[in-house]
Amino acid sequence: MFQTLYSYFWWERLWLPANLTWADLEDRDGRVYAKASDLYITLPLAFLFLVVRHLFETYVATPLAGLLNVKEKVRLKATPNAVLEKFYAATSKHPKQADVEMLSKKSGCTVRQVERWFRRRRNQDRPSLLKKFREASWRFTFYLIAFIAGMAVIVDKPWFYDLREVWKGYPIQSMLPSQYWYYMIELSFYWSLLFSIASDVKRKDFKEQIIHHVATIILISFSWFANYIRAGTLIMALHDSSDYLLEVSVTSCHPAVPLPVPLPSSPLLSPQSAKMFNYAGWRNTCNNIFIVFAAVFIITRLVILPFWIMHCTVFYPLDLYPAFFGYYFFNFMMVVLQSLHIFWAYLIIRMAQKFITGKVVEDERSDREETDNSEEEEEVAKNGPLSNGHPVLNNNHRKTD
């Protein structure tokens, strides 16, 4: 049975155009072709990436956070309470008003004490500022290096300038060592992201991130099997140019007093760098990087990818051979990725609108930090500013009737 499934999986008609077999892609005359067995190395490399990431975050990102004065916000811890903890863990982290009143009676706390306890308990589960900074630093570093390496791999190739060259001679296209390592490193990195996603900072687009990682791994692997390597390198370099994985928005950037920090002019600026500057308190730089990132993201993901790259993968191959399963599957996965691009572009545009109108620019995917001042803010609205929980007396007011 296993042998039968194996034979069906590797049936040439699924992966290759008509009249071609796997024998046509066997190494000969000094020409080397992609093989499925090559991808086995990506799994141990993915674990190596996790080790390198740990070392980077410990010995590079953490000291860098100190130099940039990234400080942890002091969070008040929820006092131990078995009744509230049980409800928090088993039922809901956001109790309804009826639940709050019920818990108040069971725990012997007042309603406001229960509400405050849940706010503090939720904040305890939120990732620390240092953790966010370390993750952003790691991803920014990888994407920057990967983009530079990707451009070095494709910039001197004819298909970088003429997309019809992508399919010239397909699928009898020899693989270059630079293409091999570019693929192995990119795929290994995405495996490492998938392995670490449970422990990374979770946001509202957690499910979309999983879909993205899985779709990317499938797309990279399939393009390797079917020898879509030229198209694959173009797609990976395009994604790296604006830093796509898991983080496509800026967290809590808002206009502030300009700081004496030179704004980098590189088109490689990514939301990771914006986040790093934001966590360091460099709000003005963060805002400018966000503008650059939004422009690069929209141009690469909503213009170049669909109207150049996807046009190349959908129409040009049909001039050479009839459509087959691999052709449909590859372009279907491209549509999945493009749908995610549209989803994230929507969030970016929402943030851009807030930025233009002078509102606080927040990561639409992130939960807000909750504070114990919410009760006091209600009092402020009614009675004016508070000092130590009491209204501040205004001795300069004029009495009116």
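These residue numbers are counts, starting from 1, taken along the chain as shown.
Using N, Cα and C of the backbone, Cβ positions are placed for all residues, glycine too.
Copied over from TrEMBL, here are the features:
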{"type": "DNA_BIND", "residues": "69-129", "note": "DNA-binding region"}
{"type": "COMPBIAS", "residues": "369-379", "note": "compositional bias 'Acidic residues'"}
{"type": "DOMAIN", "residues": "67-128", "note": "domain 'Homeobox'"}
{"type": "DOMAIN", "residues": "131-357", "note": "domain 'TLC'"}
{"type": "REGION", "residues": "362-401", "note": "region 'Disordered'"}
{"type": "TRANSMEM", "residues": "39-56", "note": "transmembrane segment"}
{"type": "TRANSMEM", "residues": "140-160", "note": "transmembrane segment"}
{"type": "TRANSMEM", "residues": "210-229", "note": "transmembrane segment"}
{"type": "TRANSMEM", "residues": "289-309", "note": "transmembrane segment"}
{"type": "TRANSMEM", "residues": "329-349", "note": "transmembrane segment"}
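Of the recorded ranges 39-56, 289-309, 329-349, the transmembrane segment (210-229) has the largest number of C-beta contacts under 8 angstroms with 329-349. Listed by sequence, the residues of this chain that lie at least six past the ends of the transmembrane segment (329-349) yet keep a Cβ under 8 A from its Cβ atoms are 205, 208, 211-212, 215-216, 218-219, 222-223, 226, 228, 235, 248-249, 294, 297-298, 301-302, 305-306, 310, 313-314, 364-365.
Broken down with DSSP, the domain 'Homeobox' (67-128) shows 36 helix, 0 strand, 26 coil.
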